[in-house]
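As given in TrEMBL:
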type	residues	note
DOMAIN	1-361	domain 'FMN hydroxy acid dehydrogenase'
BINDING	Tyr26, Tyr131, Arg166, His256, Arg259	glyoxylate binding site
BINDING	79-81, Ser108, Gln129, Thr157, Lys232, Ser254, 287-291, 310-311	FMN binding site
ACT_SITE	His256	active site, proton acceptor
Amino acid sequence: MSMEITNVCEYEVIAKQKLPKMIYDYYASGAEDQWTLEENRNAFSRILFRPRILIDVSNIDMTTTVLGFNISMPIMIAPTAMQKMAHPEGEYATARAASAANTIMTLSSWATSSVEEVASTGPGVRFFQLYVYKDRDVVRQLVKRAERAGFKAIVLTVDTPRLGRREADIKNRFTLPPFLTLKNFEDLDLGKMERTNDSGLASYVASQVDRSLSWKDVKWLQTVTSLPIIVKGVMTAEDTRLAIQAGVAGIVVSNHGARQLDYVPATINCLEEVVKAAQDQVPVFLDGGIRRGTDVFKALALGASGVFIGRPVVFALAADGEAGVRKVLQMLRDELELTMALSGCTSLKEITRHHIMTETDMPRTLSRL
């Protein structure tokens, strides 16, 4: 099956054919008008290359370091919820694929496999994404469990005081299929999601997730864990400065895959502002809309230290399990290597802002596109 797959987007077509409508729609949809969902992709198409030629590109090094961990490429796996809806092996398959590619997997709080189960798949650098529940004891326990299971960082999602309005989920009365639970919360009796006349997930978030979350809670989290804390969901210079003041170890420029507030810019269009404000004090990462190695290169050229991919992972998982996720990581890796070669870059540090042009650089060229 994987023979004829030549790019990451093809897995989405297969996933749509294979998955029940409620599940495909949950993974695929964005908030409200889905303007940002489209823009997350389209914004990349308005950034063009300025390739440098006649550079010896016979050896290309894509390795990098994230929070001191050496990985094979600047492409990592974003937290995506409930992966066993996509495939019976769910997060186990994703964890093994990430390990095989020697890159980092981020496990969602709302995984259908627990931190202990994912750790049992074998070695690998893994981060744990955290939603802060109203019951802080639940949070404390969860973070301790992630630490004990060998997770290396906490990725704190900060753009979800309430769940965005995803109309497909409302229409489908989305809920977790009855044979699955949110494994990390099972023993705390918070693993089940009720079916409601709305989105079951939205109702669950309203009842469990803390809307009062603020910067003081980031400080509190640092008293609970010694793990580095990365904040995910930053889009402005102002919040970048506050994050650095709060002592975070890294920032993910993210609009939650366009699933929260609609009509925010594409993440690639927020990246430069955040990178400038960070002033090299912490690494800045990007997620949202990455489907090609060219997209990864553009993010790196605008100052990202790496990218996280979400939907491509769940769609490949649905289509072909662990082999699908491995193939997605391999295809993006191969495309990034080719983009570097054709741009005249032999290592990540050679990728600069001069290798691309954005609308601000070339208004006349780009307005015609």
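A Cβ is built for glycine as well, from the same backbone N, Cα and C atoms used for every other residue.
Cβ neighbours within 10 Å of His256 (glyoxylate binding site), excluding its own Cβ and spanning all shown chains: 24. Distance from the CA of His256 (glyoxylate binding site) to the CA of Arg291 (FMN binding site) is 16 Å. The most densely surrounded of the binding-site residues Tyr26, Tyr131, judged by C-beta neighbours within 10 angstroms, is Tyr26. For the pair Gln129 (FMN binding site) and Arg259 (glyoxylate binding site), the C-alpha distance works out to 16 angstrom. A sphere of 10 angstroms centred on the C-beta of Arg166 (glyoxylate binding site) encloses 24 other C-beta atoms. On the 0 to 100 pLDDT scale, the domain 'FMN hydroxy acid dehydrogenase' (1-361) averages 95 in this prediction.
Summary: among the binding-site residues (Lys232, Arg259, Arg291, Arg311), the fewest other C-beta atoms within 10 A of the C-beta are counted at Arg291.
His256 (glyoxylate binding site) has its Cα within 10 Å of the Cα of these binding-site residues: Lys232, Asp287, taken from Ala81, Lys232, Asp287, Arg311. The shortest Cα-Cα distance between Lys232 (FMN binding site) and any of the binding-site residues Tyr26, Tyr131, Arg166, Arg259 is the one to Tyr131. Separating the Cα atoms of Tyr131 (glyoxylate binding site) and Pro79 (FMN binding site) is a whole-number distance of 11 Å.
Taking the Cα of Tyr26 (glyoxylate binding site) as the reference point, the closest of the binding-site residues Pro79, Asp287, Arg311 is Arg311. Our reading of the glyoxylate binding annotation (Tyr26, Tyr131, Arg166, His256, Arg259) yields a largest Cα to Cα distance of 19 angstrom.
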